[in-house]
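These notes are about the structure you will find just below.
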Amino acid sequence: MEAALLVCQYTIQSLIHLTGEDPGFFNVEIPEFPFYPTCNVCTADVNVTINFDVGGKKHQLDLDFGQLTPHTKAVYQPRGAFGGSENATNLFLLELLGAGELALTMRSKKLPINVTTGEEQQVSLESVDVYFQDVFGTMWCHHAEMQNPVYLIPETVPYIKWDNCNSTNITAVVRAQGLDVTLPLSLPTSAQDSNFSVKTEMLGNEIDIECIMEDGEISQVLPGDNKFNITCSGYESHVPSGGILTSTSPVATPIPGTGYAYSLRLTPRPVSRFLGNNSILYVFYSGNGPKASGGDYCIQSNIVFSDEIPASQDMPTNTTDITYVGDNATYSVPMVTSEDANSPNVTVTAFWAWPNNTETDFKCKWTLTSGTPSGCENISGAFASNRTFDITVSGLGTAPKTLIITRTATNATTTTHKVIFSKAPESTTTSPTLNTTGFADPNTTTGLPSSTHVPTNLTAPASTGPTVSTADVTSPTPAGTTSGASPVTPSPSPWDNGTESKAPDMTSSTSPVTTPTPNATSPTPAVTTPTPNATSPTPAVTTPTPNATSPTLGKTSPTSAVTTPTPNATSPTLGKTSPTSAVTTPTPNATSPTLGKTSPTSAVTTPTPNATGPTVGETSPQANATNHTLGGTSPTPVVTSQPKNATSAVTTGQHNITSSSTSSMSLRPSSNPETLSPSTSDNSTSHMPLLTSAHPTGGENITQVTPASISTHHVSTSSPAPRPGTTSQASGPGNSSTSTKPGEVNVTKGTPPQNATSPQAPSGQKTAVPTVTSTGGKANSTTGGKHTTGHGARTSTEPTTDYGGDSTTPRPRYNATTYLPPSTSSKLRPRWTFTSPPVTTAQATVPVPPTSQPRFSNLSMLVLQWASLAVLTLLLLLVMADCAFRRNLSTSHTYTTPPYDDAETYV
């Protein structure tokens, strides 16, 4: 492995910690890979090496994922596997999660390599190396080491399901490994009289993902939103999973016969695509209070996986406008945060935006020891004595041109600069004004920080004076967060349009030299002061006038017309964008009537809180700086502006709740489902405020409390002892019946929950498959010679001889220290017991399709039968006539000589 890493110019290392039960796959998130902004042809070649240990012998599996095209495809399967088994390519997936992050997923119950007999139980995963070669030929590497060896135990997983779970017509959608679903449910008591606990299980295609509430339960449900964290089995994503329980009934108005209505939103992750679109989400919840007896309930929802491209993979970008005179212009690139005067490994690249030829447009690459790159036209560069890098461009012509510059230091920390060069008109006497700083604080990390997995974005401080802004000038504060700081939540900016804007001349007719104001130009310039980096023989600059209207531009200030998204905007359907061009601004409480429509001519769609993340064809929300604002535009002045902040720092409609930790909780809202499988309903009609996160789908920031330490042991989850006064010994899914974990409840079996199309589920409902359960369950199982039935039973088509054992035997887990023997524990978990009141779901009864009628009447069928008989009779007559004719011919013929076959006997 060490020899292989020598080819890497930049290497990131991480330690992977797998805990809990084995869900049938393992997932490794790999952040901080560079995807260059403003470039639709910037691809990357990716190869992965997986290092195994087989009984003390090293084994290497090489996977070729080919070329990644982040603008057109998000999920990749290996094109080839070298050193692996015959079906190894079917056991791996590589997925783009947005913000430069990849996720490698591998099945854990099937061996991807060939081993000899007796070695099946000795295969452990040691490390993963990812090789990422960008369009400039730079090799970026990520080495992920397993904190403890992960043993792969090959086994067949039986088909598992849960009986008597109320079905819903709501579909749970998975985007970029994050599931998002909002379900209606009912509890017997009002909010302040209830507690609440929830567990989920996702089953399909030999994958079994379980998620439980971290704190066990919500001890008291409050009016409004009740937020909580959940933990899922297997790999723990750096973006936490969570949920929100919201009371939707008035305090004193229960639903007759069912109780009080609530809305439950769940966002577990990671959810592997290996589940498939036929998988099912089971939600088991419990809630009760001192005034009423509670119970355990179960509802289920179908799962579909979206092929939608996640939010931009592009690196965050600082934007700078430069207006120059003459033939040349220069921009100075400062050092990155991790760089010092002795850093040996520094790389600078440059390319013109929107190239169309990968063979010729990516030749401008410099290092500390390299000379002038071959094939780099109209661009030259050199390191100065203070380690800044000066780039000089020439021969640009009169039209503005955009140059993308990146600078990377030793530990792969990268800053990206978007510089727009505009040539001043020949008639003016304005001296060249260059902004060569690009940053307000050189010690601030910009681009891709090495100390955090959360993607960096650019922020602008709130102004304390009059609001005077343009679409292309924001705070000079650069993007990024320092090591250990709280991650910044990216939010699409109304100004990010992705188009290049021109900087017209704004010279006053009464002054030889005019420096434009940020937002408007006075018709008669008065006495003014000079701007930085600009020389003027006459001190004449118009003072900023908020909301003033320019007589030349004829457009109002952005501060007078910008409409920001409101938090109460409700979108019952996802992905609606305006069919018109320019800018679409969401109005308060706007409702989008159409599912999945996108406009091919829309320049920018300002997302509502219920539909976040750009659709296919949209430009990056991180790095697309333009001169367009909502409600009117003000073109960029001729002089240099400060570096543009690509992301607005003020996002209306978001709610931030923090506690004692800096890690943010991602509850991903729904996004545009253009490529979703058809479903009967959409689940984006929740009335709760939507959430933002560092990932593309957004969501409200909820800072979770980070535990002091993570246990490396694999302790089986189990259900608690029953409450006093209860008699049922059934336990929850995947749990034994001996635990006393707080928040988990068991109650007496009673009335089953309400089905989707019937008032009440019948007792002992059976599944369509032969059912055999472990002793913990009671659905169609034989225990001690007694046949019993019950609700919530989990059933399987596999015999108990293969997966027998009692319910207290732990399931297979990631083993950190010893080899795992072949599993004999039951894969059929105890059922989930139900009691009243029944669950009601907001679903319509599926209508029974009408019985199809015959296409022909009896008379028509009779005519067809007689016609067929006539045809057959005619054919028979023709055959008989032909035979008679041939018989007549044969009888009239006489031989004059013997037959030829006996000719030798006649001489």
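Glycine residues also receive a Cβ, built from the backbone N, Cα and C atoms like all the rest.
The shown structure was predicted, so the numbers you read here are calculated from the model rather than taken from an experiment.
Annotated topological domain 'Virion surface' per Swiss-Prot: 1-860, in sequence order.
What Swiss-Prot lists as N-linked glycosylation site is N166 (among others), and the listing cites sequence analysis. Under the DSSP three-state reduction, N166 (N-linked glycosylation site) is assigned to strand.
The N-linked glycosylation site feature in Swiss-Prot is assigned to N169 (among others); the stated evidence is sequence analysis.
Here Swiss-Prot flags N195 (among others) as N-linked glycosylation site. All protein chains considered, the CB of N195 (N-linked glycosylation site) has 20 other CB atoms within 10 Å.
If you look up Swiss-Prot, you'll see N328 (among others) marked as N-linked glycosylation site. With a 10 A radius on its CB, N328 (N-linked glycosylation site) counts 14 other CB atoms from all the protein chains.
For N345 (among others), the entry in Swiss-Prot reads N-linked glycosylation site, with the evidence type sequence analysis. In three-state terms derived from DSSP, N345 (N-linked glycosylation site) belongs to neither a helical nor a strand segment and is classed as coil. Annotation for N345 (N-linked glycosylation site): spatial neighbours Q9, Y10, T367, L368, A409, T410, criterion Cβ-Cβ under 8 Å with sequence separation of six or more.
Here N356 (N-linked glycosylation site) comes close to V41: these same-chain residues lie at least six apart in sequence, with C-beta atoms under 8 angstroms from its C-beta. N356 (N-linked glycosylation site) falls within neither a helix nor a strand when secondary structure is assigned with DSSP, and so counts as coil. According to Swiss-Prot, the N-linked glycosylation site annotation covers N356 (among others).
In the structure as shown, the Cβ atom of N411 (N-linked glycosylation site) sits within 10 Å of 19 other Cβ atoms. Secondary structure from DSSP puts N411 (N-linked glycosylation site) in coil. The N-linked glycosylation site feature in Swiss-Prot is assigned to N411 (among others).
The region 'Disordered' annotation in Swiss-Prot covers 423-830.
Residues or ranges marked as compositional bias 'Low complexity' by Swiss-Prot: 428-437 (among others).
Look at Swiss-Prot and you will find N435 (among others) tagged as N-linked glycosylation site.
The feature compositional bias 'Polar residues' is assigned by Swiss-Prot to 442-500 (among others).
The N-linked glycosylation site annotation in Swiss-Prot covers N457 (among others), and the record cites sequence analysis as its basis.
Annotated compositional bias 'Low complexity' per Swiss-Prot: 507-612 (among others), in sequence order.
Sequence annotations record features per position, and here Swiss-Prot assigns N-linked glycosylation site to N519 (among others) based on sequence analysis.
Positions annotated as N-linked glycosylation site by Swiss-Prot: N533 (among others).
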For the topological domain 'Intravirion' (882-907), what is the mean per-residue pLDDT, to the nearest integer?
54
Among all chains shown, work out which of the glycosylation sites N166, N169 has the most CB atoms within 10 A of its CB.
N166
Cα-Cα, whole number of Å: N411 (N-linked glycosylation site) versus N166 (N-linked glycosylation site)?
52
Hey, does DSSP put N195 (N-linked glycosylation site) in a helix, a strand, or just coil?
coil
Of the glycosylation sites listed as N166, N169, N195, the one whose CA lies nearest the CA of N328 (N-linked glycosylation site):
N169
What's the CA to CA span in angstrom from N195 (N-linked glycosylation site) over to N166 (N-linked glycosylation site)?
21
